[in-house]
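Participant: Below is the structure I would like to discuss, written out as structure tokens.
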Amino acid sequence: MVLNNKTALWFMTLVLLLLSSREMVPGAEARLCRVRGTRGHCFNDHGCDKVCTREGFVRGKCNGILRRCICDRQC
């Protein structure tokens, strides 16, 4: 079976399109569990995030009316 130039070009374009679209699919991310940080009360997200990452968590955020520092860790 002999492929002419037009068919070969179409086939290569299709293969490249399929391969490039596969690279755009985001991978599965790890689940995150929320735990209360040891700091307790906080005033801003930046300070809470610094404390949580220093304690080995992924990130931290001030949450709720009482502004508690909540840290995220991988489950």
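All positions are counted from 1 along the displayed chain.
Each residue, glycine too, has its Cβ placed from N, Cα and C.
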Participant: Looking at Swiss-Prot, which of C69, C71 bridges to C48 via a disulfide?
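Facilitator: Between C48 and the options C69, C71, Swiss-Prot records the bond with C69.
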Participant: What subset of the disulfide-bonded residues C33, C42, C62, C69, C75 lies within 10 angstroms of C52 (disulfide bond), using C-alpha positions?
Facilitator: C69
